[in-house]
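Have a look at the structure below before the remarks.
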Amino acid sequence: MADLFDEFIEPGVKNEIMDVEEAPENPMEKLDSAKKRQAREDMTNLLANMHNDVGVGNFDEATSKRARVEEEEEVEEARMENIIVHTIRTDNENCTHEVAIPPNAEFAELRENSGTEPAKYYPFQLDAFQKQAILCIDNNQSVLVSAHTSAGKTVVATYAIAKCLREKQRVIYTSPIKALSNQKYRELEEEFKDVGLMTGDVTLNPDASCLVMTTEILRSMLYRGSEIMKEVGWVVYDEIHYMRDKERGVVWEETIILMSKNIKQAFLSATIPNARQFAQWVASIKQQPVNVVYTDYRPTPLQHWIYPVGGEGMYEVVNVKGEFREDKFRDAMSGLATAGDSAGSFNKRRTGGGTQGDSNVLKIIRSVASNDGLNCIVFSFSRKECESYAISLKDMDFNKDHEKGMVKSVYESAIAQLSPEDQKLPQILNILPLLRRGIGVHHSGLMPILKETIEILFGEGLVKVLFATETFSMGLNMPARTVVFTSARKFDGSDNRYITSGEYIQMAGRAGRRGKDDRGTVILMVDSAMSADDAKQIIKGATDPLNSQFRLTYNMVLNLMRVEGMAVSWIINNSFHQFQSYAKIPEIDKKCVQVERKIASFNFPWENEMRTLVDLQDQLEATRQRIIQIQREPKYIVGFLHAGRLFKVKSGDRDFKWGILNQFKKEQNPDDRNDQIYLCDMMIAINTEGRFDPTNPATLVPGFDLPKRRWIRVPMTIDRITAISAVRLKVPADIDKPDGQMRLDGMMAAATKRFGNQIPLLDPIQDMEIKTVEMKELIAREKSLEGRLETHSMTKRDNMKDLKKQFEQKQDAVKELNALKAERKSVQSTLHLEELNNRKRVLRRLGYLGNDDALVLKGSVACELSASDELILTEMLLKGIFNTLDVAQTAALLSCFVFQDKCAAPKLATELQTCLSELHEQARNVAKVSNECKMEVMEDKYVSSFNPGLMDVVYQWVNGATFSEIVKTTDVFEGSIIRTLRRLEEVLREMINAAKALANKELEQKFEDARKNLKRDIVFAASLYL
């Protein structure tokens, strides 16, 4: 066998952490008495709202504060335990009704509305859950309504509004996004007339009895103690499950905590598994009964199909009864293209929206259309894919001539408000031919006026096929007959994972129009093998729980400290995050008892000797890991990436043993434009008993040691390599055929036999010429550790493996117990309290608080800034950075605070680059102070979060350039540009208020001029809903 391979050894080829309590002397520390009085007046109503709530009081001494915190912890734990939940009988098995009762309240039966006219009548028969929710409102009790998309939750909202209007109270309807607020305003204004809108961008009829607003506006009103809140009877929270959003969920939590106990709240939510827990939390902090009306009944049942990419036809895997059909799922997986067909795709990167993807979508749309399945929403997780798929339907037309005319009429009416030049923008012109044929696109990169036009056309049935991203599923009432998913996976910023059941349910819920369809159809495209368990988890799994995303912000801390006597820990103790944490204590205690018993059961006399042995083994493993990490560096390994070389490879915890390199290539890192990655086409042996996909490592099971194995080609990065051999094989050309597989098996057997199962490795120093000091020390350390292990007393015991196993089991149990105890301690303590103290240190160091923690002028300025980074903006204001900038430069610099998309780095003029450098300098200073005060901040990451990608675009826009001119200078989507400019206008409004707080008329005028120059043309075209 010697002629089958060539064996050769290749020739030479600490910062000190400061805990500073004292604030620096600052001439701005003393707050003007008039401004101090105003700050107190702003918060008077907030304090009144919180009357008798935990945490309000004047505690000057640190010891008093600590005592209060400990008392609050005990109260919180007792309070949670005393929330009693009663079940209320309903006449419908599809509807459950529970009510959470706090300790100071008594359970009372809800009374029917006898002798009093209902606040509102409906021209249709109400569902059971709607009747129960209305009963709660008639009894003036807060209620959480948890039901599927399109189930009819809006009925509950309109009833609460009608009740308030009848009783001469004001009512607030709040939603998570401005687009939804605009749409709701239109709907409610048509019905009730006395309706206003407040979104930041637009304020209409602010004196109305019913106010529709974003949650951020509501929070601002609560912090400022708005007089309006005194007149409010009910607040309706639409899409309350949005509270689990990582970025903005905290805003919802703040508003609920700050809301007066006298105001009743109606929460509208998609189905959530922990609805009861949420109600218990609200009941505990508001000390009032909170009802939960829950239904998983879907008026229009769903039918779920899988379309295997590369196969023929679709397979019904879940029928309208909700039964998962295992046989059909197996058929669908068999319909997938075979793994062999996927092999050899190393040089064809799998990107969505390519020819293959387009053709599969085309097949599905044709099938849906021929089976009377229109209208249809096609969800894709990429904006570019949405457009590519829409363009691929170039030969399809779903609209009749009269419908084309109606589309043109709506389209022309929509864009009539635009200037003639804006009407000729490519995005405006290019969308019309698609719309006329009944095809639409909806994603964040579209201009708002186009998104709204498409929404209206879709709602009117004039767009039959809509390609949309996930955001279309949130809030907007746009049901369809059919929903299609172009993939079961999505990239979430860090991982290309399966979509969660909650995400699937939210989007799939758009299928099935109530009163029009007898069923909704959902089609899931699957392009790689998946297990039945994964499919069940996605299609039939539970919805995502409503988990708190509470976090402290400097704006929150400063606003709560504007009034003397306000304990900031009050909002922490009343957070849903704290409530959920306390709920874990009983389960933690139960686990602790179990683990302690397990530890006591071990009888192990040689524990100390085994501990030293394991420690040596761990040190050796760590040393070897560092050696291979250095060997894998491109400057060392690339010269040894030869076809046929054997490499040991691992993927996660799966060890594939020896793999054989076929070829490698260098590519740009998609996450870092300045970095490159090395992609190896590696042949590895896998277990062929189950389904597998070479492009999806998660489906591969190691098979090197199995008699029945298969060699396949798998693309992998060099960080999967764990050892580099000195052996190269002559790889058969026909590796994908049985004969080639047999020959490769023979080569590997011969190599293993020749070297006695010890295939030689390249020596890092002698062969790879890595002659660094670190490598020499690592090799010496490796030899020393190997010698100490050979002479260790425990290695000579016959039962050493069994003893080590027992030792590791005990150690794992000890680690588990310590982790449980640490978790309980963390849960028992006031969460975020340490972070709060650290944030206060930062604020004192930077001069926002005095030594007595009283707010000074700088802190009052920061209170005005909530739309972006309040600290950096305040630092720049107080250091005069904006003083020397002109209006356009000011706006351009502020754009760095609001632009979030990725784009090519712009070439900036010297003036813009200079002011950007000043921003970065302030960011580094704040990061430095934060780290010194134990608020850990990754300095480089923090600095790079201020994105200059649109600085030049904003500079041109504020100087009068047209939209058509600025879009030519960037690769950023038009919709993203408009969204950034609108968010920038929000920041400028706050900067005007901040300049007023400083009594700086010149800066105030500069920000006002920038805002005026910004607000024009298509960027601020009025919403079609208004």
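We count from 1, first residue shown onward.
Just so it is clear, glycine is given a Cβ too, placed from its N, Cα and C backbone atoms.
What Swiss-Prot records for 134-290 is domain 'Helicase ATP-binding'. Residues annotated as ATP binding site in Swiss-Prot, with sequence analysis given as evidence: Ala147, His148, Thr149, Ser150, Ala151, Gly152, Lys153, Thr154. According to Swiss-Prot, the feature motif 'DEIH box' maps to 238-241. Under the heading domain 'Helicase C-terminal', Swiss-Prot lists 360-564, citing sequence analysis as support.
All features noted in Swiss-Prot, drawn onto the structure.
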residue: Ala147; record: ATP binding site; CB count, 10 Å: 26
residue: His148; record: ATP binding site; CB count, 10 Å: 22
residue: Thr149; record: ATP binding site; CB count, 10 Å: 21
residue: Ser150; record: ATP binding site; CB count, 10 Å: 20
residue: Ala151; record: ATP binding site; CB count, 10 Å: 23
residue: Gly152; record: ATP binding site; CB count, 10 Å: 18
residue: Lys153; record: ATP binding site; CB count, 10 Å: 25
residue: Thr154; record: ATP binding site; CB count, 10 Å: 17
Contact set, same chain, for the motif 'DEIH box' (238-241): CB under 8 Å, 6 or more residues outside the stretch: 144, 157, 173-176, 180, 184, 252, 267-270, 272, 474-475, 544, 546
Residues of the motif 'DEIH box' (238-241) by DSSP state, where helix covers H, G and I: 2 helix, 0 strand, 2 coil
Average model confidence [pLDDT] within the motif 'DEIH box' (238-241): 91
Assigned conformation of Thr154 (ATP binding site) - DSSP reduced to three states: helix
